[in-house]
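Student: Shown below is the structure under consideration.
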Amino acid sequence: MVVVGVLTYVVAVSGSVAVGGLAAAAVGVGVVIAGPVVGATVDRRGQRKVLPAVALANVVAVLTLAFVVGQGVSTPVVVACSFLAGATVPQVAPLSRTRLVTLVGERVAPSRRVTTFSRVMSYESAIDETAFVVGPVLVGLLAAWVAPWLPLVAAAGLSLTAVVAFALHPTGAVRSHAARDAERAPLSEVVRVRVLVVVTGAFAVGLFFGTTLTSLTAHMGVQGRADDAGLLYGALGLTSAALALGAAALPRAFAARWRWVGFAAVIAASAALYAQLGAAASPTAVLLLMGVGVGPVLVTLLSMASDRSPVGRAATTMTLATAALSLAQALASALTGQVAERVGVSAAMWLPFAAAVLLLVLGGANVVVERRARR
């Protein structure tokens, strides 16, 4: 919601998709720099001690950003404030997954853990996808019907209420026996190839999100309906959430490595159709098709990130994957904004296809990594 809100608000005030993309990119850079630090701190001190402070810092940063953008200050100031807003984003999604995975390991019988874990990852990914639906839709509604700054104020309100409530929930004190009793694996274990290939896959998904949202904003701008981009982007999240929930029902014989490759191919095919839309065409149907691939890919990547996290480094690994996604989304927003303004909207609409092809190639690379690991 913050990335989309920053992009929408800055574009509305400055009239420049490129400046909006830079601001969104700064948010992502802040997330990727601070996210793993927050995750590592949580691994050491626990969620209850870390999250409330981060949430309060985020409230201050986001409200400051909303104020300075409204004052029409220079682009460097906007970018700096956007960076701070990103650096203080509470890492709720990866920490929620870490918390639930710990609960499954501690409280579910061993014979049921694999099935329960799969359902938990599907649920978590579906919640994320629902946020991808609700976030852009809320941004679009609030920006179009009330004021462009309101989505950022709403995001600050969520940090102050929902994030603090999540942090103080009784399950926030749960830590696994491994985390309590064993030494944490060295940080170098997090940067092994089998982990990095998953993190890079999350980065590719972020590239796809960023290029799609910004090119969609430019495409709708040609039609004089740029404020509708957030609403239309929600169509992608709609099918993505549905397929994420359904991922738990996929047969075990359909291995995770092949799910990555197969559903990435679906994303690439739909992105190729998206790139060929005419200036006056509605993108809704193609966005719905994109979501068919995105949901299962996200479930797969997040499950892999959890499976491959070193002992005592679950929060670090999950926040690293999420931060990579956020960084890529923001950087792609900046690049796509520049391409849309300097080269043209048609060229910008091919960038999601490039991101999807990268995701597909990385899926193939992961197959190779797994085969070598089994030798």
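From the backbone N, Cα and C atoms, a Cβ is placed for every residue, glycine too.
Just so you know, TrEMBL annotations never went through curation; they're auto-generated.
Okay, so TrEMBL annotates it like this:
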- 190-375: domain 'Major facilitator superfamily (MFS) profile' (DOMAIN)
- 6-38: transmembrane segment (TRANSMEM)
- 50-69: transmembrane segment (TRANSMEM)
- 75-93: transmembrane segment (TRANSMEM)
- 126-146: transmembrane segment (TRANSMEM)
- 152-174: transmembrane segment (TRANSMEM)
- 195-218: transmembrane segment (TRANSMEM)
- 230-248: transmembrane segment (TRANSMEM)
- 260-279: transmembrane segment (TRANSMEM)
- 285-305: transmembrane segment (TRANSMEM)
- 317-335: transmembrane segment (TRANSMEM)
- 347-369: transmembrane segment (TRANSMEM)
Student: Compare 50-69, 195-218, 260-279, 317-335, 347-369 by their Cβ pairs under 8 Å to the transmembrane segment (152-174) and return the stretch that comes out on top.
Tutor: 50-69
Student: If I take every residue in the domain 'Major facilitator superfamily (MFS) profile' (190-375) and average their pLDDT values, what number comes out?
Tutor: 87
Student: Before we move on, state whether the transmembrane segment (75-93) and the transmembrane segment (285-305) share at least 3 Cβ pairs under 8 Å, counting only pairs 6 or more apart in sequence.
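Tutor: By the criterion, they do not touch.
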Student: So which of 285-305, 317-335, 347-369 is most in touch with the transmembrane segment (6-38), counting Cβ pairs under 8 Å?
Tutor: 317-335
Student: By Cβ distance under 8 Å, which residues at least 6 away from the ends of the transmembrane segment (347-369) in the same chain are close to it?
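Tutor: Counting only partners 6 or more residues beyond its ends, the transmembrane segment (347-369) has Cβ contacts under 8 Å with 193-194, 197-198, 200-201, 204-205, 207-208, 211-212, 214-215, 218-219, 257-258, 260-261, 264-265, 267-268, 271-272, 274-275, 277, 290, 297, 304, 332, 335-336, 339-340.
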